[in-house]
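What follows is a short report on a single structure.
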Amino acid sequence: MAETKKLLRVLAGEVLDTPPIWMMRQAGRYLPEYRATRAQAGDFLSLCYNPELAAEVTLQPIRRYGFDAAILFADILLVPQALGADLWFETGEGPRLSTIGAQADFDRLKPVDAIHETLSPIYETVRILTRELPSETALIGFAGAPWTVATYMIAGRGTPDQGPAHALREGNPALFDALIARLTAATIEYLSAQIEAGAEVVKIFDSWAGSLKGEAFTKYALEPCREITQALKARHPGIPVIGFPREAGQGYVGFAKATGVDCVALDNSVTPDWAAAHVQVDGCVQGNLASSHMVTGGQALVDETRRIVEAFSKGPHIFNLGHGITPDADPENVQLMIDTVRKG
């Protein structure tokens with residue numbers, strides 16, 4: 001039977017007249033229905049670990065907008081929590097974790113095969129979604145890349161320059177490499193379990209890849225992504241992988257060939273014309289509208305959306321933002337973006 005899900009067709013290399021569309025953080029605080037469900041859950045982590053409510057918020061933007069893909073509602077920091085790190089969220093400050101700064105901290109982490117005990121509700125969310133999503137909607141699972149997750153585990157929070165992680169990488173490379181190896185192995189198991197539960201695509205979010213330069217980018221962004229991708233493809237032939245080395249700049253060039261990912265997601269620091277010439281030549285790209293347009297809307301949103309669609313029209317393209325949609329976005333601007341992509 002011919003594949004009917006537009007996202008999967010494009011990930012297989014097909015060029016469509018109208019690209020499939022979804023948004024990073026499409027289940028989020030900009031939607032009133034999300035805010036109501038989150039209030040019902042009590043807090044963010046309780047929402048992540050409640051399969052029925054997590055499935056509900058995943059479905060909300062599909063009901064409202066008819067996106068071509070749903071992305072599992074979860075968080076990249078559930079993996080360190082499953083490995084034994086303490087995780088909590090401070091109001092107005094974002095995530096906080098117990099820190100990894102010495103060998104003794106690392107030694108307290110759980111083995112990789114212990115993560116499923118904590119993460120089993122996430123897999124149940126996937127199973128619910130496979131039953132409830134429309135037949136034309138693809139389901140995307142995801143995880144954070146080892147480098148990005150490590151930056152939070154080392155600093156205990158998000159940092160503007162990932163300084164603590166760079167300091168450990170340079171000052172105690174053996175410990176840092178051991179942490180990256182543990183996270184790489186855990187990410188393989190986590191994504192594999194999502195696929196076994198029903199995810200049809202997986203995405204690896206390397207939000208802080210851009211702070212790695214030269215050999216460090218190769219060793220800690222590119223190589224772990226390649227290891228994860230190769231392991232998943234060996235276990236689950238035919239499951240596409242999207243890589244997102246955010247703000248990689250020139251590092252986007254050749255990333256798909258070097259890692260084996262089926263699609264490279266782009267942030268909006270690179271222009272569509274440049275990316276079409278230098279990245280899309282290797283296959284599918286995803287992106288890359290600035291999320292600020294979801295706040296401001298208007299003709300600028302329409303014009304930029306059309307420019308991106310046109311720039312990537314010669315090859316496989318998934319329309320998306322260059323970063324997650326923000327809480328102050330206007331839901332009507334999301335509809336305007338979708339209408340522009342689908343109707344021209």
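For all residues, glycine too, the Cβ spot is worked out from N, Cα and C.
Marked as substrate binding site by Swiss-Prot: R25, Q26, A27, G28, R29, D75, Y152, S207, H323. In the three-state DSSP scheme, D75 (site 'Transition state stabilizer') falls into the coil class.
In this view, D75 (site 'Transition state stabilizer') is surrounded by 17 other Cβ atoms within 10 Å of its Cβ, with every protein chain counted. The annotation site 'Transition state stabilizer' is assigned in Swiss-Prot to D75.
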Candidate binding-site residues R25, R29, H323, pick with smallest Cα gap to D75 (site 'Transition state stabilizer'):
R25
Of R25, R29, H323, the binding-site residues given in the record, which has the fewest other CB atoms within 10 A of its CB?
R29
Counting across all protein chains, other CB atoms within 10 angstroms of the CB of Y152 (substrate binding site) number 28
Where Y152 (substrate binding site) falls in three-state DSSP terms:
helix
Number of other Cβ atoms within 10 Å of the Cβ of A27 (substrate binding site) across all protein chains
25
Pairwise C-alpha maximum, in angstrom, for the residues (R25, Q26, A27, G28, R29, D75, Y152, S207, H323) that bind substrate according to the record
23
